[in-house]
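First the structure, in the form of C-alpha cells, and then the observations on it.
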Amino acid sequence: MQYLIKKNTAAFLLIAAANLVVAFAAYFVLPPKFFYDAAIIVYDNGNEIGFFGSYPVTILLYKISGLRYLPYPVIALIQFPILLFILYKIGVPDNFEKINVKNILVYLGIVMIAIFTSMPSKEFITFLYVSPIVFMCLNNQISLKKTILYTVLLLLVFGVFYRPYYALIPIIGGGMYLISLVSFKNKTIKTIFYGLLIAVFLSFSHGILKGKYLSEISRELVNSDRMGSSDANSIIISPVKTDTWYGEAVGIFYGFFTVNIPVNGLKHIFSPQIIVFIIWQLLLFYILIVRFSKCLRERKKYPKELLILLIIFSFFIVQGVFEPDLGTAVRHKIGIFPLIYFALYYESFRKELQ
C-alpha cells in the first residue's frame, strides 16, 4: 500500500528535520551569551529554585524532569521535536510548501525555535503553557465564553506563578476589545493606541502604589547594569528618563515601537543577526495588523481568532514596557509562537475543521 504525503506536510516535515540539525548543532556554534539563562537554570548557583517566578519555577521543572542533567544537544533533541509536534497538531496550512512572505516568516520562526529551545529555556515552558489556548480555539465543542474564561484564568495563573506581566494581558486585551466596540475611523490603529494608554495607566497605578513605574523596575533596571557591555548593542533606552509620569508614558510608547516596529534598529547594519530579527519583526507586525483589522471588521465570523489577536497585541504592548533589548524581545515572542502561528493561518485551519 502506498502512502501519499501532501506537499504542505512534506515541506513541514522537511523543515522540521533540517532545524532539528540546527537545534542539535546550536550548542557548538552559538556564542556564550546565548547560554546565560541556561546556565542559571542548570547550575542554580543562587539557589533560586522555588514555586514563584520564572527562574525559580523553570529551575524546579528542569530538575524534576531530569533535563537539567542532560547535555544541551540531547536537550535540543528532546525539546525541539515536542514543540514542532504541537505546531503539527495545530495544523499544517495549505500551500505551506510555497515561498511567500507569510511562510518565510514561519520558516524563520521555526529556525528561532530551534535556536532558543536548544538548551534549558523559559521559552520552552511558555510555549507549552500557551498552546492549550490555541487548541481551545480550534475545538468547536468549547464555546467562546468558556474559551475566554479558561484563557483569562491561564494567563492570570501564569502571571502569578511565572511571569507577572502576563497578568496584564487580560486587562489590556479586555480594554482593547471594549474600545473596539466604539465606532470610529482607523479602528485598528486606535484600538492599539488605547491599549498603550491602558498600559500607561497600569504603570501609573503601580507608581502610585509602589513608588516606581513598571519600566523603572524592569527594563531600565536591567539595562542600567548593561550599558557599554559587549552584549548590549541592541538594548532599548528611552529617550526620556522614566522616573516621571510623562517620562514613563514616553518610555512605554518608545518601547512599543522599538520592539515591534524597530526601524531604528537598522543602524545595526554590521550585525546581520539583528537585521534579520528586525526584518522578521517588521513583516510579522504588518501581517498581524492586517489580520487584526479583518477580525475587528468581521468579529462575529472570527470571534476566537479575534481573541488570539487581542492576546498577541496585548503581549506586544506589554513588551514595550518590560523588554530590555531587541534580542530578548524576539526570544520572548517564540514563547507565544503557537498563538502567532494560529493567527497567521486561521483561515486554513478553519477549512481543516470543516
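Glycine too: its Cβ is placed from the backbone N, Cα and C atoms.
Caution: TrEMBL annotation is automatic and unverified by curators.
According to TrEMBL, the protein has these features:
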| type | residues | note |
| --- | --- | --- |
| TRANSMEM | 12-30 | transmembrane segment |
| TRANSMEM | 69-88 | transmembrane segment |
| TRANSMEM | 100-118 | transmembrane segment |
| TRANSMEM | 124-140 | transmembrane segment |
| TRANSMEM | 147-162 | transmembrane segment |
| TRANSMEM | 191-209 | transmembrane segment |
| TRANSMEM | 274-293 | transmembrane segment |
| TRANSMEM | 305-322 | transmembrane segment |
| TRANSMEM | 328-346 | transmembrane segment |
Given the transmembrane segment (305-322), its same-chain partners at Cβ distance under 8 Å and 6+ residues beyond its ends are 133-134, 137, 144, 147-148, 151, 155, 165-166, 168-170, 172-173, 176-177, 192, 195-196, 198-199, 203, 214-215, 218-219, 252-260, 285, 288, 291-292, 295-296, 299, 329, 332, 336, 339-340, 342-343, 346
Counting a contact as 3 or more Cβ pairs under 8 Å, with residues at least 6 apart in sequence, do the transmembrane segment (328-346) and the transmembrane segment (124-140) touch?
yes
Let me check one thing: do the transmembrane segment (12-30) and the transmembrane segment (147-162) come into contact, meaning three or more Cβ pairs under 8 Å with sequence separation of at least 6?
no
Which listed stretch (69-88, 100-118, 147-162) has the most C-beta pairs under 8 A with the transmembrane segment (274-293)?
100-118
Would you mind listing the long-range same-chain contacts of the transmembrane segment (100-118), meaning Cβ under 8 Å and 6+ residues beyond its ends?
15-16, 19-20, 22-24, 26-27, 30, 34, 72-73, 75-76, 79-80, 83-84, 87, 124, 127, 276, 280, 283-284, 287, 330-331, 334, 337, 340-341, 344-345
Sequence-distant contacts of the transmembrane segment (147-162), meaning Cβ under 8 Å and at least 6 residues beyond its ends, amount to 51-54, 57, 125-126, 129-130, 132-133, 136-137, 168-170, 304, 307, 311
